Amino acid sequence: RANDRDYNERFKLLLFFICIIFPQDNRIKTAKYNVFTFLPINLFEQFQRFANAYFLVLLILQLIPEISSLSWFTTIVPLVLVLAITAVKDATDDYFRHKSDQQVNTRQSQIQLLNYKCFLEILQNEKWMNVRVGDIIKLENNQFVAVSLNLFLIFYNQTVICEPPNNKLDKFTGTLCWKDNKYSLDNEKMLLRGCVLRNTEWCFGLVIFAGLQTKLMQNCGRTKFKRTSIDKLMNTLVLWIFGFLICMGIILAIGNTIWEQKVGSDFWEYLQWKELTINAVFSGFLTFWSYIIILNTVVPISLYVSVEVLRLGHSYFINWDRRMYYSRKATPAEARTTTLNEELGQVEFIFSDKTGTLTQNIMVFNKCSINGKTYGTLEHFLLYIHTDKWVYLLMAKTPCVDFSFNPLMDRKFRFHDSSLVEAIKLEEPLVQEFFRLLALCHTIMPEERNEGELVYQAQSPDEGALVTAARNFGFVFRSRTPETITLYEMGQAVTYQLLAILDFNNVRKRMSVIVRNPKGQLKLYSKGADTILFDRLDPSNEELMFTTSEHLNEFAGEGLRTLALAYKDLDEDVFDEWMKKLLFASTALDNREEKLGALYEEIEQGMLLLGATAIEDKLQEGVPETIACLTLANIKIWVLTGDKLETAMNIGYSCNMLRDDMNTVFIISGHTMLETELYSSDSVFEETIIAEYALIINGHSLVKSSADLEQILVDVACLCKTVICCRVTPLQKALVVELIKRHKRAVTLAIGDGANDVSMIKTAHIGVGISGQEGMQAVLASDYSFAQFRYLQRLLLVHGRWSYHRMCNFLCYFFYKNFAFTLVHFWYGFLCGFSAQTVYDQWFITLFNIVYTSLPVLAMGLFDQDVNEQYSLRFPNLYRPGQLNQLFNKRKFFTCTLQGVCTSFILFFIPYGAFMTAVRDDGAHISDQQTFAVTIATSLVIVVSVQIGLDTNYWTAVNHFFIWGSLAVYFAILFAMHSDGIFTIFPNQFPFIGTARNSLNQKIVWLVILLTTVVCIMPMVAVRFIKADLYPTQTDKNLRRVRRTSSRRSAYAFAHQQGYGELITSGKNMKVPTSSTSTYPLYSPTRGLTGTSSVKNSGVNDTTRDQTETYSTGFRRESDQSQEVTVEDLEAR
């Protein structure tokens, strides 16, 4: 109820027999935490992850003295570090959400209050968060809307009955009750939160929904989390590693049990500890848990944090790429998610919208058909001009129409058929009705700038182009109110009464308006897709419909976007009866949309065809080259468009997706299931002819296809080189993507620029939005965004491929080093009586993953390149390994873990065997455990550092600093931990004084380290050389080809035979061209290059020159054949 907060605060909703009281204020909260809840909630969320929970359990086990062989800090330090890094990241993100919430909640708005004492209306400033449901708000021009408002009628004692809060932005159902009268409320009478008021000085609105109830906030639910294939594989592998850990614990526990029974009993009498010993089986049980703690590092605790750091870095590289920056609109590329970067290197299917994605979405009215006659045909003709020494050939086209008769014309508009203007001036009725329809049937808002310039604010570029065309041809849309539309028809102001708008949607595919002209006649004007509109025409239009269909096919064949136009004279009584039913249906609370749709269908029957329009939408720059390059990368590109079949085919040829050398283009356009089934069955062919076929299918066939035909359709489509789906709805776009996801284990990418592409973008594994002419809906729903389709090539072939390559190398090395580090304890168990003793010092175990080896692997994961960006684009087939998942899979995992196991075996047994008989320089034995531990630890750090050096393909200063710096830090910490000073401070933690100095002073120790490093590394080097020679990868092959090409001498690039230079310079081979772009001017020493300036000097009058566009000029006469032509002349041509 308006201005009655007490009443509105009692509002409740009965949901599943539970009474829910909605918060009535307008405060929003997108932040997750506050000062008091941050720590418990964030820790709870982090321990949802398996790795964090696993290490928490280990920490608890380490507190049990009977099973713990390690100090508590060996687990808690890495765990706390991982939790702290994640917590800082989450806190930073939430801090910015708090700032955003505060900024929005404290904005000012004006509330209208009624002073009941003096019955005066008072405007009071309030913060957005204090606005309540039922308040009346005043909005001014260019002001943001704070809540969901009703703009229909505002009275102080009115009541609104409406639907409960929901997230449907395009639908609202409600009824306004006032003085026993009911008025329908729909989406057209609502202003939603987040909108901006335009072209209106001020208005008042009733608050229907506030705060979290608004449709904007209802749509801010959790976005569906997209996980990469590497994420899923990584989770599986971590479980496998955990199972492997359990197996190692069981093996060592069994070994302990056997050892206690066979060997341990021999010490009972000697050491007098028989009464203190425990059962061998129970000893094995305790040993199992002890080894689970010792070997826990085989499950990488820092893996997930490291992966997030890498993904964040890869995202910044995309954001910082200047080659993906569109300077015209100052729009950079943006990675809106950090979780899908490596997935960009594995894409197999791209689903692309056409309008605004492949094309510029800048619409130009190009041609039209009115009453069976076409207008706008651009004719070209040849013009010959002779002079004494030259023959000039000019390619001219029909001059532009002169619209100077219309003072309100748009000076940017171009049209090349003056006969249409003549028809307008002769006042031909159907021609005038044609443009009158274009000027009336739309939802455009006019805006007059300060300079008097008339600007149209169009919902879509198509409508803007059509209304602009009507404007230039004398039917100027000037202004509108909710009840009227004012036109200037040939300079005369004419006001039409607007009675009803039958709006466009993706199901109707048409729009209609009902108006009353100044003569009192009722008219229905409609425009829409020809397939929809032709079904609703009067039977008397059959001949005209046939002619117009031919024109539409001709327009579509030229790649133009088409619409059919029709009108109808309405009878007053029929309209009154229909209007009553419309008012009744519009106030219905249930199935309102269906009832209105049925009434629209009823009135839109028996219309008369006026003609059709054809709008040009040019391709974006670089689209054919991008598609060709992505096709070479074995990426299948499907175009999903709502345009006609002919338009879709023409765009296919323009983009080089369809070619004349294709054997067959299959067109599935059946309207029935039987026809679709026949077409689909006959289209099945063998995979060996994949490069020869294209498939074009329309929306009717997709709807009629049965579940049994889905697999056949997918098989046939995947065997075709090109697939184009035309006349598809936004829902069908998403269904096509879902179809491939369901039947193919392939990564899909959807790219679009408009609201009708949002469902497709959300359905695909990766969604890309283009910031174009249709708003930001696609960008807001996307994972990545940029301004031009051509940037997709760089996103996939450079950033995507690099991210996948880096992540795979990172994971392989990460698992390798963890296995090499951890399994040394496993081998040691067999030689220490399975007593759960550790080889390394406890501080080395703590610092190995977080200090000694963390930064080098991060540097490799951030900066490594197998080839540079030029080669990545030059050789698209380098993208293939990612599609085949070759760089990291289960086989690769077993390979790198096996390498880690072998490395751990060598690291342990070479020092063990060497120290069995080795002596120090003074003759004493080297047999103490600490020297053994220092030798193995040093060997391990050196081996993994050398290994990452071998794995690094692209060295930067950062790589050098991190690798050699990590080695230096290791030795610095090693000597510090065994120094006298630290023993003085922490005698219990660092008891082994001088161990590092005494050990590393011995030559035998360094010889053992050297031998261990060589034995670990050399087999891998040999394997890589042999593999590169016998089984080269695609990268190896391309690099070899480049090296061979670059080594050629440039002089040998010329053919060793006589050329055609004399024939070229003679001029005899020059023929008169047949196209406007096939000839170029020859050079004259006296006149320079022949061109437009030569034409001017040759005596062509200015009028002829202004009405022509010169594409090519100049052929020499026979008398000039002896004239010398130089190399510079040829270059100029």
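Placed from the backbone N, Cα and C atoms, the Cβ positions cover glycine too.
TrEMBL does not curate its annotations; it predicts them automatically.
What TrEMBL records for ASP353 is active site, 4-aspartylphosphate intermediate. A 10 Å cutoff on Cβ-Cβ distances gives ASP353 (active site, 4-aspartylphosphate intermediate) a total of 30 other Cβ atoms nearby, all chains included.
Residues or ranges marked as ATP binding site by TrEMBL: ASP353, LYS354, THR355, GLU463, PHE504, LYS527, ARG561, THR641, GLY642, ASP643, ARG727, LYS733, ASN756, ASP757. For ASN756 (ATP binding site), the same-chain residues lying six or more positions away in sequence with a CB closer than 8 A to its CB are ASP353, ASN506, GLY642, THR729, PRO730, LYS733.
Sequence annotations record features per position, and here TrEMBL assigns compositional bias 'Polar residues' to 1087-1102.
Taken from TrEMBL, the feature domain 'P-type ATPase N-terminal' covers 25-76. For the domain 'P-type ATPase N-terminal' (25-76), residue counts in helix, strand and coil come to 26 helix, 0 strand, 26 coil, using DSSP.
Per TrEMBL, the feature domain 'P-type ATPase C-terminal' maps to 779-1033.
Per TrEMBL, the feature transmembrane segment maps to 47-64 (among others).
Taken from TrEMBL, the feature transmembrane segment applies to 70-88 (among others). Non-local neighbours of the transmembrane segment (70-88) in the same chain are 42-43, 46, 52, 55-56, 58-59, 62-63, 293-294, 296, 301-302, 304-305, 308, 838, 842, 845-846, 849-850; each lies 6+ residues outside the stretch with a CB under 8 Å from one of its CB atoms.
Residues or ranges marked as transmembrane segment by TrEMBL: 237-259 (among others).
Here TrEMBL flags 279-305 (among others) as transmembrane segment.
Residues or ranges marked as transmembrane segment by TrEMBL: 810-831 (among others). Non-local neighbours of the transmembrane segment (810-831) in the same chain are 230, 234, 237, 241, 248, 252, 255, 291, 294-295, 297-298, 300, 303, 306-307, 310, 837-840, 848-849, 853, 857, 860-861, 888, 892-893, 895-897, 899-901, 903-905, 907-909, 912, 936, 940, 943-944, 947-948, 951; each lies 6+ residues outside the stretch with a CB under 8 Å from one of its CB atoms.
Look at TrEMBL and you will find 843-863 (among others) tagged as transmembrane segment.
Summarising the annotation, TrEMBL assigns transmembrane segment to 893-912 (among others). Only residues 6 or more beyond the boundaries of the transmembrane segment (893-912), in the same chain, are considered here, and those with a CB under 8 A from a CB of the stretch are 237, 812-813, 815-824, 826-828, 831, 839, 932, 935-936, 939-940, 943, 1008, 1011-1012, 1015-1016, 1020.
Annotation source TrEMBL lists transmembrane segment at 932-950 (among others). Here the transmembrane segment (932-950) has Cβ contacts under 8 Å with residues 813, 816-817, 820-821, 824, 839-841, 844, 848, 852-853, 856-857, 860, 903, 907-908, 911-912, 915, 963, 966-967, 970, 974, 995-996, 999-1000, 1005, 1008-1009, 1012-1013, 1016-1017, 1020-1021, 1024 of the same chain, all six or more residues outside its ends.
Annotation source TrEMBL lists transmembrane segment at 962-984 (among others). Same-chain neighbours of the transmembrane segment (962-984): 841, 843, 847, 851-853, 855-856, 858-859, 934, 937-938, 941-942, 945, 948-949, 990-997, counting only residues six or more beyond its ends whose CB sits under 8 Å from a CB of the stretch.
Here the transmembrane segment (1004-1026) has long-range neighbours at 899, 902-903, 906-907, 910-911, 914-915, 918-920, 926, 931, 934-935, 938-939, 942-943, 946-947, 950, meaning same-chain residues at least 6 beyond its ends whose C-beta is under 8 angstroms from one of its own. As annotated by TrEMBL, transmembrane segment applies to 1004-1026 (among others).
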Kindly state the mean pLDDT of the domain 'P-type ATPase C-terminal' (779-1033) in the predicted structure. 90
Under DSSP, is ASN756 (ATP binding site) part of a helix or a strand, or is it coil? helix
State the count of C-beta atoms found within 10 angstroms of the C-beta of ARG561 (ATP binding site), not counting that atom itself. 24
Excluding the flanking five residues on each side, which residues at least 6 beyond the ends of the transmembrane segment (843-863) place their CB within less than 8 Å of a CB in that stretch? 70, 73-74, 77-78, 81, 297, 300-302, 306, 309-310, 313-314, 806-807, 809-810, 813-814, 817-818, 821, 933, 937, 940-941, 944-945, 948, 951-952, 954, 956, 958-959, 962-963, 965-966, 969-970, 973, 977, 989-990
DSSP three-state call for ASP353 (active site, 4-aspartylphosphate intermediate): helix, strand or coil? strand
CB contacts for ARG727 (ATP binding site) [other CB atoms within 10 A, all chains]: 22
Taking all protein chains shown into account, the Cβ-based neighbour count within 10 Å for THR355 (ATP binding site) is 27
